[in-house]
């Protein structure tokens, strides 16, 4: 078989693996929306009161027009739209768009209809219409050339999937920039600067937390083969952006943490042969300390229903927590896989660590222990495994490129 045929086969195989990955992510995003919309699943299929049908059709606009609620509902559907367009990328457009439209109607409006039989829920088509805005934004992102390249192709030299680290970075950026509403009003800018100019408060752990998160971000940035110098513009830009974002503010620990991260990552990449191992240790240490703070003994309940903590209270706070945990836990799985090249290690180490933290939280009075975090780590591992192949990871780690015939370039040279 010629080298061209081998190369073509690898490209086609990579394309199929990426398509499988985005389809899994699309299904997970749809299931997540359905799960959150229908929780706690205590349906009452008795006689439906007429006022609930009226609420479904005509109510909800006043509640949804607030900035934070509006952005939260839109944000939840952005991944759905992004992965939906990419999942049907191999179909012809006159089949792909109708298929995505039908699924969207079922997901966005079908759950609102089912909520008619959920006591305590106030279903409204206003939610579904606003969610379509998030779908449109996600679909638009899928057509941006750099986004489409990163999510659907492999780099010419990198033997690993670029889509997942890129998506993890997007989660961290979304967490930092929420609610994405720019404001140039003087009062808003003053509010954004107030915490750092008039009420400066330095919290050492928060500095450590932000520094580690940005170091992880920098490592993922490099894995995506993005310009190294641009990172020195992106991180300061994101840190300072809250000054001009409504309902956001600049914090001293964010500024110091980002500065420490830039210096630390520059030192790691220039002085350490395998910086990924140091990054893994830093991330695990940060998660352990974060999970056990404030170290105050007292019994606490354990919740066995996954994602229950995300479905009560403020949806804004829950959305921010979901974005942060997605970035941290997803990065932990990815980094351990990169460092160990072992499927089992990449699954067991994050799950055991997070399960141990949750178990310890049953003895911390101010914590609410639940099974969600280990489940999230296992789900991230399953998504990564869709497109990961151990033989490619080994080749990338050894620093040798395969040529036809199964021999490495170095062994061919030695045999001459």
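Glycine residues also receive a Cβ, built from the backbone N, Cα and C atoms like all the rest.
From the options 42-61, 202-221, the stretch TrEMBL describes as transmembrane segment is 202-221. The stretch that TrEMBL tags with transmembrane segment, taken from the ranges 317-334, 371-388, is 371-388.
Using a cut-off of 8 Å between Cβ atoms, the transmembrane segment (202-221) and the transmembrane segment (70-89) share fewer than three residue pairs, counting only pairs 6 or more apart in sequence.
Beyond its flanks by at least six residues, the transmembrane segment (344-365) meets 284, 287-288, 291-292, 294-302, 329, 332-333, 336-337, 371, 373-374, 376-378, 380-381, 384 of its own chain at Cβ-Cβ distances under 8 Å. Counting only same-chain residues 6+ beyond the ends of the transmembrane segment (129-151), those with a CB under 8 A from a CB of the stretch are 18, 22, 64, 70, 73-86, 104, 108, 162-163, 166-167, 224. With pairs at least 6 apart in sequence, the transmembrane segment (20-41) and the transmembrane segment (371-388) have 3 or more Cβ pairs within the 8 Å limit; the two touch.
A Cβ distance under 8 Å defines the sequence-distant neighbours of the transmembrane segment (96-117), meaning residues of its chain 6+ beyond its ends; these are 30, 33-34, 37-38, 43-45, 48, 52-53, 56, 77, 80, 84-85, 88-89, 123-125, 127-128, 131-132, 135.
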